[in-house]
Amino acid sequence: MELSGLAVAVWMFVCFCAPVGGYPNGKVRAACTSMIPCHGGSPQLSPEHTITVNGTEFKPGDNIEVSLSGPDFEGFFIQARDAEHLDGPAVGSFMLVDRRLSQLLTCGRTKNSAVSQTSKTKKKHMKVYWTAPGDAPKHVQFLATVVKKYRTFWVKIPGPIVSQPDVLSPTTPLHATSEAVSTSYPVSHLSKPFSASGCGIMKFCIRNPSNCDPESASCFFLSFQKEESSVFIEMSGPSEGYLAFALSHDQWMGGDDAYLCINEDHRVHVSTAHLTGRSHPLLDSENALEDVSWRLVDGVLQCSFRRSIHLPAYKERFNLDASYYIFLADGESSEGGLIYKHRRQPLITDRLYNVTGPPRDIGGSRSPRLIKAHGALMFVAWITTVSIGVIVARFFKPVWAHSFLFGKEMWFQVHRMLMLTTVLLTSISFVLPFIYRGGWSQQAGFHPYLGCAVMALTIFQPLMAGFRPSRHAPRRQLFNWFHWSTGTTARILAVVTMFLGMDLPALDLPDTWDTYTMIGFVAWHVGIDVLLEIHSYCLIRKVEVIEDDRVQILQSLTSAEAEGHLFKQVVLIIYVCGNIVFLVAFLIAVNKI
């Protein structure tokens, strides 16, 4: 959907506005033990950078030159550890060569026991000096974590082993590389698109639009297939940034279990996350996923993975044998894998579902019910009832001047009934977004401000009408002018407000359909208005040219009025039918989102 220049996109699933918390300044003490950067995702498996030293032996107090080199990198983290206990604390201390690009950190109780970057400046080479402590172990190995870009990094790259004199080299295998691998998982490439075969029979599926084919470039698809104690999950959709789904206890963002497939430089990373309120998702460093595969072809992103139904070791992961609301969202990502707020309202299931229960094939809505009702009621009020009421008051006074309804002229009663209906529908519709948002929305642009102005004019109009002067009072003309100008201003603002509201993500009407429909209605109303004005003018001219004979004038006037009244009634019927067509088309579109 093309967003209005005045409208700002809103969230509901996940609010991907801010980058994930990282450490561009190198203050990475939180990673002293694991050496894993808090970027989310998984480390790469084949290191591109190497660690070298200027000697293989040391004595307590010796200084050893340690160098890290390779392709451009933004961040790094270097430690020395006991080669036979790589899970242990850092050993020894470092001295800097270039304080502009590197800094000392204290890990545990050992001062200056690690080195990291000072900024994201690109680097190819980094050199420091390591000082052996008096209680140094027999064998020491240097380890490095290197961040090439935000989501591209290597953890605990194994460096050379240095030993004290007359000590044999360690015979036990080093597990630095295996530890890095344990935080990742095997990744493979999908050979073909997903299939909807088995949806509702063997697996639980969510499709948007409903019943769409996941092989289509416009289909969002999410499936869950139970396999003994695990669930195999497939997710697909038109996105060159990211796709994400979340399990939630309600239809609001916050406290949710989320899963993201993120495109980074034409490679897809799968991450788990925990959603807290409307903040950026907290991507997990450790993943509880297996059998990860992905495919990125012609702008369609697809990924699949498997996770256990119960994951007691991961407190933020929900059990999959319970019922949840399910969110499905998409959005953009940056070159470094950062994710941004979803471009449109996420798809949300209409009720709680258990994905490991009976297989279902369902759709979802990208617009909450309260917002749907808000849009529908406003459309009925300002496209249907108020428009017909204005036509009746403006052109049907002479037509129904001698017809009465409940003791009043018929045109007046019809006009008043339609206008009071407009006030009622507008008032109900006005409060629905506040109920949904729980307050004022700061992300809806000018739409809520104009809506408040329309609501104020809507209330003011009947109050003013209640104090209208009598028909022949001197102030009646002044009242008529204020009544007309207030009503016209309200109608113009209402149409502008609806134009802005239809482009907001919360309603998410079909692309370009909403604009064309509103333009069509405005043209339809103006066309009918102009037609009736021309007809009234022609009718007056027809009477004026009749010969100046009283009897003939009265006869001609009666005949002309009868002809004019019939024409107006036919036009009114056509106008009402046209408005109903616009209304039905709008309601059908709203029901599909």
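If you go along the chain as it appears here, the first residue is 1 and each next one adds 1.
Note: Cβ is positioned from N, Cα and C throughout, glycine not excepted.
Quick look at what TrEMBL lists:
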type: SIGNAL; residues: 1-22; note: signal peptide
type: DOMAIN; residues: 13-180; note: domain 'Reelin'
type: DOMAIN; residues: 216-331; note: domain 'DOMON'
type: DOMAIN; residues: 336-535; note: domain 'Cytochrome b561'
type: TRANSMEM; residues: 376-396; note: transmembrane segment
type: TRANSMEM; residues: 417-436; note: transmembrane segment
type: TRANSMEM; residues: 448-467; note: transmembrane segment
type: TRANSMEM; residues: 479-501; note: transmembrane segment
type: TRANSMEM; residues: 570-590; note: transmembrane segment
> In the same chain, who gets a Cβ under 8 Å from the transmembrane segment (479-501) while lying at least 6 residues past its ends?
Replying inline: 4, 6-7, 375, 378-379, 381-382, 386-387, 390, 444-447, 450-451, 453-454, 457-458, 460-461, 464-465, 468-469, 507, 515, 518, 522
> What counts of helix, strand and coil residues does DSSP assign across the domain 'DOMON' (216-331)?
Replying inline: 0 helix, 69 strand, 47 coil
> Between 0 and 100, where does the mean pLDDT of the domain 'Reelin' (13-180) sit?
Replying inline: 80
> Any residues 6+ beyond the ends of the transmembrane segment (417-436) with a Cβ under 8 Å from its own?
Replying inline: 368, 370-371, 373-374, 377-378, 380-382, 385-386, 388-389, 392, 448, 451, 454-455, 458-459, 461-462, 506
